[in-house]
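What TrEMBL records for 226-239 is compositional bias 'Basic and acidic residues'. Summarising the annotation, TrEMBL assigns domain 'Ubiquitin fusion degradation protein UFD1 N-terminal subdomain 1' to 1-71. Sequence annotations record features per position, and here TrEMBL assigns domain 'Ubiquitin fusion degradation protein UFD1 N-terminal subdomain 2' to 72-146. Among the features that TrEMBL reports, region 'Disordered' is placed at 188-210, 226-257.
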Amino acid sequence: MPPSVLDRLAFLRMDYPMMFELRNGASERVSHCGVLEFIADEGTIYMPYWMMQNLLLQEGDIVRVKFVSLPKGTYVKLQPHTKDFFDISNPKAILETTLRKFSCLTTGDTIMMTYNNKKYYLDVIETKPANAISIIETDCEVDFAPSLDYKVTTASKTLDKGKFNPFFGTGRRLDGISIPPVYSSRPSDVPNVNSLSSTTSSSPNFARPSQGKLVFASNFYRTKEIGKEKNESKQEPPHQKQPKFQPFIGNKYSLRG
């Protein structure tokens with residue numbers, strides 16, 4: 001900045017460190033910065049090219065400079081432009097060294113850092129406690145968002161071209177007796193229950209549940225099986241009946257012996 005700016009600020013007894021608001025009236029873009037030296041020509045200021053890009057400025061454009069006092073920052077979230085930024089062995093340590101060259105950060109700005117002769121650009125997407133903060137002599141937490149070129153990849157699974165049939169297969173009871181297959185949506189090559197009972201004489205004849213009612217297949221077929229077992233038990237001769245279970249039968253003993 002020009003030396004006259006320093007004289008004016010010293011006369012007004014402004015607080016240090018000196019920070020300024022830069023505003024481009026044409027695009028209404030706002031950013032904040034500190035000052036390096038007061039040796040520029042009168043009526044001109046010099047700023048880095050990346051800062052001119054943030055403000056959409058060209059060389060020779062008019063910019064408004066205003067002295068401001070910014071709060072100390074406690075949190076900043078950055079988003080790299082490319083994912084190779086995370087290939088650095090310790091990006092937070094490198095960023096901490098780079099941010100020592102900055103006096104403040106503004107939400108919406110893009111900062112540039114250099115490492116191993118390569119330039120990395122990072123967007124400032126969040127700052128606390130305000131949209132513009134001072135990072136001089138403050139303990140500021142730094143967080144990173146996924147890079148702009150980050151793409152979410154999901155594993156693709158090859159599915160059959162046929163219609164999806166949930167609960168498709170054969171069920172079994174706890175006693176080991178199998179029950180006929182249950183189809184939630186009957187394929188074209190699977191015959192219905194009536195055709196099974198008519199074509200196969202050895203398979204049981206199951207009645208088809210009426211429409212509009214919810215019938216669980218396991219209970220439905222189990223009821224038929226229980227009824228069949230009762231009919232068979234009635235036909236057994238008397239000498240094959242098992243003795244009736246009698247609980248609490250036997251000798252008793254006490255702890256005295």
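Every residue gets a Cβ built from N, Cα and C, even glycine.
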> Averaged over the domain 'Ubiquitin fusion degradation protein UFD1 N-terminal subdomain 2' (72-146), what pLDDT does the prediction give?
Replying inline: 89
> Can you count helix, strand and coil residues in the domain 'Ubiquitin fusion degradation protein UFD1 N-terminal subdomain 2' (72-146) using DSSP?
Replying inline: 14 helix, 34 strand, 27 coil
